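Let me begin by presenting the structure, written as structure tokens, before commenting on it.
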Amino acid sequence: MQMSSVNDVKIYNLSHGKSLPEWLSDRKKRQLQKKDADIQRRIELIQDFEMPTVCHSIKVSRDGQFILAAGTYKPRIRCYDTYQLSLKFERCLDSDVVAFDILSDDYSKLVFLHCDRYVEFHSQHGHYYKTRIPKFGRDFSYHYPSCDLFFVGTSSEVFRLNLEQGRFLNSLQTDAVENNVCDINPVHHLFATGTSEGKVECWDPRVRNRVGMLDCALSSLTEGTEVQALPSVSALKFNGSLTMAVGTSTGQVLLYDLRSSRPLLVKDHFYNLPIKSLSFQDQLDLVVSSDAKIIKIWNKDNGKVFSSIQPQTNINDVCIYPHSGMLFTANEDPKMNTFYIPALGPAPRWCSFLDNLTEELEESPESTVYDDYKFVTRKDLENLGLSHLVGSSLLRAYMHGYFMDIRLYHKVKSMANPFAYEEYRKDKIRQKIEESRTQRVQVKKLPKVNKDLALKLMEEGDDEAELASRKKKGKALPSLLGDDRFKVMFENPEYQVDEHSEEFRLLNPIVSKVGLKRKKKLRLLAQQTAASEQTAEEEEEPEGRASSEEESSDDDKSWVEEVREQRKMLWQEGRDRRRQDRKEADRNTVLLEREQNGGDKTAKMAESKKSSQPQFYQIKAGEEFRSFNDMARKQKLQKASLEDRLKLEENSGTSNVADTAVGSKQLTFTLKKEEVDF
């Protein structure tokens, strides 16, 4: 429950607070009610007093026991029993309800006007009959003496349906193009309809003749009223035998005496929104008018505002419970609001406990902190010299201090401290000094990860900031160190740059040269800006000095050479690594063969066989074929002559195996001396 006060009139919103979902179990609901303070303070006056999406209109039966509401989605009508404080029944309909009325004292006879021109009748058990009117309807009224239903809508005719005979009667022909609303006087049964041209036509149902016409559009235009179109009649309500209230589409309410063509009073809502509902409160002579934003309660004699209610959602309809201070609203929201205003009247009989509840709230009001009060402690009072006011009406004790009027505080402050301007001036000077201190050289903390990269970015940022400071409109770009997107790169060890990797060594010459070129360019631009500030004349480039293009070409050649050297070094390191791997593989192969032979005896036999005949090895896939002899011996044989090599092979008893790209070939031949005659 929420309490508000407008114009010293207390208004209690009984629907305020959290609503529990329907799918929660009873046990879960009880647990939430024990824990959540907002749910504990919530008052559920009527159980399930809401619609799935939106509520269009709401009415109370004449006996006061039933509350009926029409809403969507899906289109439905809900009936609530106030004696049981719960939902009595719910009926779904084929289309949205434009307007409905209760013909009996209870819910046993209902009439619904749908948006598709159908008129549906319901009895106590449910759907009873359904018919259709010629034009789209907007409103209807029931004439009790003749049992006639008067329908108005997008036509100049007012259609009459007699419920006693069960047939349509001759319609009433009006001068309007369209009719928006209608109502019947409860005393003398005068029928009135409001038109889209801003006029009200009154008819006598006994003779079916028009007895009068009021031009409300011109009467609603008062001094200072700004309208963009012709006001049309959007609401109409009779009170007694002579009073009639007319609401316009521009937000004005006109009170008429049927004996006069001029309005007694014109009340403006100042929202420029159509008036949606009008009702009267006879005990206090009040009028309750509402548009989509606000509900205004004002005196019908002088127009003085009694109070106002402004819900959080748009309003569709307002209904006052008879002879009480309770009213219901249909909103553009699932929850239907319930407001209780004790100043309008007592609570209804079925919720009389509200009077006791509101009285308890008035006896124990909550302390409120106001903007026009200043909170001061006891020490502040001693500094101001107001300690003698403790216990008086000028100070109100609150927590560890006191509340005092803000005007008194400012007056005493100016008298107690006449040098407040000097303190203000000193504070400003202190702020300027602190701002200048921030521009001094500060110790830069390097991150734990990628320290070299962070240091490099800091140096580049300083150079760019220095260049931007020399330019008038230049602005330095934000650094990666201050960007949250790259924060992980300097915190997570997984992002550490490996300087020994192949990719880094190949890219480092390029990156370093680009950085050097960037520094040179920044330095050159800084020199140019400094020179332009000193002299406005252009100086020619001295002879013998290389231009920037020549320097850039030299830089390009230098980093290309460095990349080539890095590639050569990487190739050599890879070749040495592969050789080492092959040696280890051969060593492992020899050890495995020795283990398989087993025993010293077999090992000696294998050595003798090895010395007498060549050994055969299995070459693995993906490895290069190479010589089985030592590299030094092979190079020595290559330098010797063919004769020496053959003699060496004959003495050792081995044959020379030549390794070529084509394959291995064995050559065997002997030298013979032949006698040659000269």
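Every residue, even glycine, has its Cβ placed from backbone N, Cα and C.
Listed in TrEMBL for this protein:
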- 1-364: domain 'Nucleolar protein 10-like N-terminal' (DOMAIN)
- 369-417: domain 'Nucleolar protein 10-like second' (DOMAIN)
- 483-509: domain 'NUC153' (DOMAIN)
- 528-615: region 'Disordered' (REGION)
- 555-610: compositional bias 'Basic and acidic residues' (COMPBIAS)
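DSSP states for the domain 'NUC153' (483-509), grouped as helix (H, G, I), strand (E, B) and coil, give 17 helix, 0 strand, 10 coil. Mean predicted confidence for the domain 'Nucleolar protein 10-like N-terminal' (1-364): the pLDDT average there is 87. Look at the domain 'Nucleolar protein 10-like second' (369-417): DSSP puts its residues at 21 helix, 13 strand, 15 coil.
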